[in-house]
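Below is the structure I would like to discuss, written out as structure tokens.
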């Protein structure tokens, strides 16, 4: 494996093994984080009996904390210096805490009062999402921009990352409920199931750390001392960071809203909560296939054009579902269509962010990989928090009735059933419509080659 550190060499090629190992890291991240944004709400309401409004408020407040921790972690990453680099060592350091804290989510004290349960949920949810996940995922995301500066290599690496990323969610969404049923369909069953997933995640993180290298080392950037104020001002002048922030937030809102609502939709509209895994797998499976063909399409059509076209496909696919919203078969078919449309934006979002690093350096003469990735992730975290809180608040407002510890379906009021249905049907249309508008104004693809030529010339003179 080429371990050369480079700033001026813009064409470092990565082995397939390194790319796959890196991509597997996001599978690991999404195994546990995927549970927190999909089935965890169902566990809290239908197996532990906590009010959905309380869950929504916890997730909203936690995401506000999480947004702040992202910026702090970005600063810490920029200032990390170890023999393994500045981003890569955090994958090693956080692998075990991530697995342990993931299991802790489901160890809510049996027989405790709702207040104690709520406090426990608040503490463990923040431990996972605000502290451990942030300290793991932000350096992980930054690592791609430190492995190579070649735009095509970055694009392929991030495409593989996003092809592997949904695998974590597919594993948890498709197999959690069947495994919970197999192990007894109670809280203990959730603990056992989560432990299995957490061990898998930990192993993948160790593999990711072992088989990746940081190579991008720009002496001028290392020598420059940039204050937090200067870093934030540089962000404000980076319009493509703003667009990346918005697009990552949009993807997070979509994943969270549908991830949370789908289980309820299957349980109360389609009549079988085990349909959740099949519908989700159809959507994510087609999305993965679509992501894998992006490297052949990007040179011809460009990242932005593919993502914009995909957004329109998602909207069209969702509107097809209106023909029969109670049809399980149509739900699977339209989920597959949506997966095809989602593939381009999910596949290139982190390439957008990496490209914003280069644009920011060109525009402001300040290079800030960690800050740009961490600040962009604020959009993701806040989007997930707001959407989780919104779903919980809506369910509470329409009179949703929490179930007992067995997770059995109860008779819900018509208002709750209607809300669950409307969220699943109309939220994707609105969310992807906003994404299409943002993408319409994205122009960096056309500017990137010229920007990199100028940066190479500057850096050859020891400048940023």
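Placed from the backbone N, Cα and C atoms, the Cβ positions cover glycine too.
Feature table excerpt (TrEMBL):
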{"type": "TRANSMEM", "residues": "50-69", "note": "transmembrane segment"}
{"type": "TRANSMEM", "residues": "90-112", "note": "transmembrane segment"}
{"type": "TRANSMEM", "residues": "118-138", "note": "transmembrane segment"}
{"type": "TRANSMEM", "residues": "189-209", "note": "transmembrane segment"}
{"type": "TRANSMEM", "residues": "240-265", "note": "transmembrane segment"}
{"type": "TRANSMEM", "residues": "277-298", "note": "transmembrane segment"}
{"type": "TRANSMEM", "residues": "305-323", "note": "transmembrane segment"}
{"type": "TRANSMEM", "residues": "343-362", "note": "transmembrane segment"}
{"type": "TRANSMEM", "residues": "382-403", "note": "transmembrane segment"}
{"type": "TRANSMEM", "residues": "423-442", "note": "transmembrane segment"}
Are there residues at least six beyond either end of the transmembrane segment (189-209) with Cβ under 8 Å to its Cβ atoms? List them, or say none.
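Distant contacts of the transmembrane segment (189-209): 21-22, 24-25, 27-29, 31-32, 35, 43, 47, 84, 88-89, 91-92, 94-96, 98-100, 102-103, 105-107, 136, 140, 168, 171-172, 175-176, 179-183.
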Among 90-112, 240-265, 277-298, 343-362, 423-442, which stretch has the highest count of C-beta pairs below 8 Å with the transmembrane segment (382-403)?
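Comparing 90-112, 240-265, 277-298, 343-362, 423-442 against the transmembrane segment (382-403), the winner is 240-265.
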Hey, which bits of the same chain come close to the transmembrane segment (50-69), Cβ under 8 Å, at least six residues off its ends?
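For the transmembrane segment (50-69), the far contacts come to 41, 44, 114, 117-118, 121-122, 125-126, 129-131, 134, 378, 381-382, 384-386, 388-393, 395-397, 400, 402.
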Most CB pairs under 8 Å with the transmembrane segment (305-323): which of 240-265, 277-298, 343-362, 423-442?
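Counting Cβ pairs under 8 Å, the winner is 423-442.
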Using a Cβ distance cut-off of under 8 Å, indicate which of 90-112, 240-265, 423-442 has the most pairs with the transmembrane segment (343-362).
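Comparing 90-112, 240-265, 423-442: 240-265 has the most Cβ pairs near the transmembrane segment (343-362).
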Under an 8 Å Cβ to Cβ limit, what residues of the same chain, 6 or more beyond the ends of the transmembrane segment (277-298), are close to it?
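Cβ under 8 Å, 6 or more out: 38, 155-156, 159, 162-163, 166-167, 169-170, 173-178, 259, 262, 266, 306, 310, 331-333, 335-340, 342-344, 346-348.
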Ranking 90-112, 118-138, 423-442 by the number of C-beta pairs under 8 Å to the transmembrane segment (240-265), which range is first?
423-442
